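J.: Please find one structure pasted underneath; my questions will follow.
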Amino acid sequence: MFLVGLTGGIACGKSTASAIFEERGIQVVDSDAIAREVVQPGEHAYTKLRAEFGDEFFDDENGGVLRREKLGKVVFADSDKRRRLNAITHPEIRKRILLRLLRHFVNGERFVVMDVPLFFEVGYHRFIKKVVVMDCDEQTQLARLMARDGMSEEDAKARIRSQMPMEEKRKLATYLIDNDGSREDTAKQIHEVIDQLEASLLPFVVRDQKVSEFRFYTVSTDKASNDPCEDEYIKPPVTLVPIQFLRMIVKSLSLFALLVASAMADSCLHCICLHESGCKPIGCHMDVGSLSCGYYQIKMPYYEDCGQPGKRAGESTETAWKRCADDYSCATQCVQNYINRYSRFCEGVGSCQRMSRLHNGGPSGCKYSSTEGYWNAIHSCCGCS
């Protein structure tokens with residue numbers, strides 16, 4: 001089974017696309033629907049949201065349901081509140097996405113579509129090769145959003161600005177769907193994409209119908225990638241030897257780890273990012289996704305955690321990996337991996353102060369007071385706690 005990403009700007013037609021995929025019998029994992037599930041009364045995220053934001057955002061006369069529109073207006077106007085909301089809901093959403101994917105894998109699906117509005121912002125494109133991006137004219141997008149959600153033009157524009165610009169999403173698309181026309185026009189384009197995906201020779205598992213044994217094959221018709229983060233391509237047709245099969249598993253588990261990992265104090269990572277960029281917020285895009293920290297200056301200690309073979313002397317003030325440093329999620333993932341590696345020295349991270357110490361000092365971060373100055377600098381620069 002392989003995964004296909006489905007994303008696009010708000011009100012650009014992702015729901016329409018999902019419906020068309022489902023009409024063709026393709027399984028779709030809808031992250032928006034899951035996001036609504038995890039904030040229902042009785043859910044873990046619901047309890048934490050109520051404690052964090054207060055009773056005013058819950059309708060006790062209607063079963064205590066979350067007033068989504070009211071909370072939405074608040075968090076989209078306040079990046080700090082938005083980070084707090086994401087820190088509560090995103091881990092629960094990722095866990096539920098994982099369960100859906102595992103179920104479809106067990107059921108033997110050939111491929112599954114992941115409908116994720118912030119697909120690029122949270123870094124899923126690093127694990128999913130094929131991405132369908134729904135696109136439409138800016139004025140059409142604005143008009144649809146205002147009509148759909150009853151928003152004023154000002155609020156609708158603010159909501160659109162809170163996401164990654166469509167220009168950047170278009171560049172990252174494998175399949176770009178023009179949704180300015182009729183549903184029939186959109187459906188025709190998506191059916192063509194489905195036909196290509198069904199004929200795809202992406203890595204997949206073929207199950208032997210006779211017994212419960214599996215035969216594994218990997219085939220790729222793509223050209224070799226220049227991305228140092230990618231594994232070497234295996235030319236078709238090749239039957240997997242154990243090490244190649246293990247590489248496939250590791251690649252898949254990397255995505256699952258991203259989905260289920262609890263977010264590491266996003267606001268703290270944002271503060272570290274601000275500090276490293278000289279207290280200038282440009283590039284620290286924590287407001288567009290819980291795992292995004294923009295163009296983070298990855299210094300020498302992060303080489304190994306970003307997949308590089310080792311450290312190079314004399315480059316402590318330079319970016320360790322330009323391709324990764326310019327990626328919306330790769331940089332932050334490197335920081336998270338690095339901090340996780342040394343968190344055992346702090347008996348778990350636990351606080352932004354400890355996280356900043358580990359970021360600066362690795363295994364020495366929580367043992368010595370020499371990193372206190374680094375924390376004080378972050379605190380005075382960004383006001384983190």
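Backbone N, Cα and C define each Cβ position, glycine as well.
Just so you know, TrEMBL annotations never went through curation; they're auto-generated.
Quick paste of what TrEMBL says about this protein:
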type     : residues      : note
ACT_SITE : Glu276        : active site, proton donor
ACT_SITE : Asp287        : active site, nucleophile
DISULFID : Cys268-Cys352 : disulfide bond
DISULFID : Cys271-Cys384 : disulfide bond
DISULFID : Cys273-Cys279 : disulfide bond
DISULFID : Cys284-Cys293 : disulfide bond
DISULFID : Cys306-Cys334 : disulfide bond
DISULFID : Cys324-Cys330 : disulfide bond
J.: Reported as an integer number of Å, what is the Cα distance between Cys352 (disulfide bond) and Cys271 (disulfide bond)?
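T.: With distance taken Cα to Cα, Cys271 (disulfide bond) is 9 Å from Cys352 (disulfide bond).
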J.: Distance between Cys268 (disulfide bond) and Cys384 (disulfide bond) at the Cα atoms, whole Å?
T.: 7
J.: What is the number of other Cβ atoms found within 10 Å of the Cβ of Cys271 (disulfide bond)?
T.: 24
J.: So how many other Cβ atoms are close to Cys352 (disulfide bond), meaning within 10 Å of its Cβ?
T.: 22
